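As recorded in TrEMBL:
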type     : residues  : note
TRANSMEM : A:62-81   : transmembrane segment
TRANSMEM : A:93-114  : transmembrane segment
TRANSMEM : A:120-138 : transmembrane segment
TRANSMEM : A:150-171 : transmembrane segment
TRANSMEM : A:191-215 : transmembrane segment
Amino acid sequence: MSTETTEVQSEVKEPKKVSEPLLSKRRKQILSDPLNEDNPITVQVLGICSALAVTVKLQPTLIMSIAVIFVIVFSNLIISLMRNLIPTRVRIIVQLAVIASLVTIVSEVLKAYSYPMYKVLGAFVGLIITNCIVMGRLEAFAMGNKPYDSLLDGFGSGFGYAWIILTVAFFRELLGSGSIFNFKVFEELGIAYQANSMMVDSVGAFIILGILIWVQRYVTGYVEN
Amino acid sequence: MDLVSLAVRSIFIDNMIFAYFLGMCSFLAVSKKVSTALGLGLAVVFVLSITAPVNWLLQQYVLREGALTWVSAEFANVNLEFLQFIMFIAVIAGMVQLVEMVIEKFSPSLYGSLGIFLPLIAVNCSILGGSLFMVQRDYTLPQASVYGFGSGLGFALAIVALAAVREKLKYSNVPKPLKGIGITMLITGLMAIAFKSFIGIAV
C-alpha cells in the first residue's frame, strides 16, 4: 500500500521535473524573432557593412551567409558554455579571440576548397570578426543564457541576417548584371535589358536596403522614434 | 607625389563608407549629432593612423611567409599568416583601450557622450578593413601610414556630413515606416552618388 502511494506521488511529481520540450513556445520565439520582428539588420541595425559589401552577386552572398551562420552559431555556443568562467573585465578580448579563431577556420577552409570564391570575398571573410551581429549576440544573449538556447538564438540571428542579404543580392544581381546565380535571365527570356551599373556599385546596395527596410516596416508596423 | 595622390584617393575615392561600406554600424548609430560624430571621427582617425603602420610592421616582420629570417635563417619557411586576424585584432583592441584612457583623462564630456561606441571602435570594420586592405594591396610603410590616416579622415568626413544632414532631418516630414534607419540609408545612397563622381578625377 505504502509503495503504491509513493509511486503515485512520484508520478505526480515527474512532470514538474521534466525539462522544457526541445522546441517549446519560448524557444520557438527565440528562433523566429530575429527572422522578422527583431531582425539583426533591418531592426537592430547591426552587421550592415558585410551585408552591403558582398551582395553584388548571389553566389558569394550565399557563401558569406553560410560562413556567418557557422561563426554565429558556434561562437554563441562556445561563449555560452564558458560564460561562468569568463571574468567580466576581459570578456571582450575573450569573445574576440573565440570569434577570430572561428573566422580563421572558415577562411582556411575556403582557401583550401574554393580558392576563386576566397579571392572574390577577399578581406570580407576576415571582417566577419568585426561583424557587430556576432559580437552583439554574444554580449546580449550568450553571456546570460544556457548553451541550447544560445544555439537556437545563433541560428535565428544567422538566418535573419542571411535572408536579408540574399534578398538584397537578388535584386542587385538581377538589375545590375541581368542574371540570377550567373544565369542570364533576360537573355533567356529574349528581353533586351540594359544592365544598370549603379546596382553593381555601392549606391545600389544602400538604396535597395533602404527600400527593403521601408517595405518590411510597412508590413510589420514598426516605427522608429 | 605618389603619397599625396594616395591620400586623396583614400579620403574621397576609396572612401571607407561610400566605396567599401566599412564601419557602417557606428556610422549609422553615432551620426545623430555633429559634435559626437566629430568626436568619434577623430578617434577613428587616430586609431587608424596608428594601427595601419603597426600592423604593417607586424605583417612584414612576423606574419608573412619568410618574415622571420631576421631572427635566424632557419625560419625562412615559416608562415604565420593564419595568425593574421588574431594578431591584428589584438593590436587594434590594445590601441582602442589606449585611446579610451586618453579621452577619459582629457575630455570626460566627450567620453560620456561616446559611451559604448568608444570600445566598439575595436569592432569597427573600417579599422580592421584598413589593415587587411593594406596587406592585400602590398603597400610600403609610408604608403600604409598615409593610407591609414587618409581613410580615417574619409570616415570622419562621411560621418560628420551625415550627422549634419540628420540634424536637419528631425524637422522634416518622413513617411512613418521610413523613419530612422530607412531614410538614413537612402540619404547615404545619394551621398555615395556624389562621392562616386570623384572617380572621374585623375590623381
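Cβ coordinates come from backbone N, Cα and C, glycine included.
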Highest-contact recorded stretch vs the transmembrane segment (A:62-81), from A:93-114, A:120-138, A:150-171, CB pairs under 8 Å:
A:150-171
Do any residues of this chain, six or more beyond the ends of the transmembrane segment (A:120-138), have a C-beta under 8 angstroms from a C-beta of it, and if so which?
40-41, 44, 46-47, 49-50, 53-54, 60, 63-64, 67-68, 71-72, 75-76, 79, 95-96, 98-100, 103, 106-107, 110, 153-154, 157, 161
Near the transmembrane segment (A:191-215), which same-chain residues lie under 8 Å Cβ to Cβ, leaving out any that are not at least 6 residues past its ends?
41-42, 48, 51-53, 55-56, 164, 167-168, 171-172, 175-178
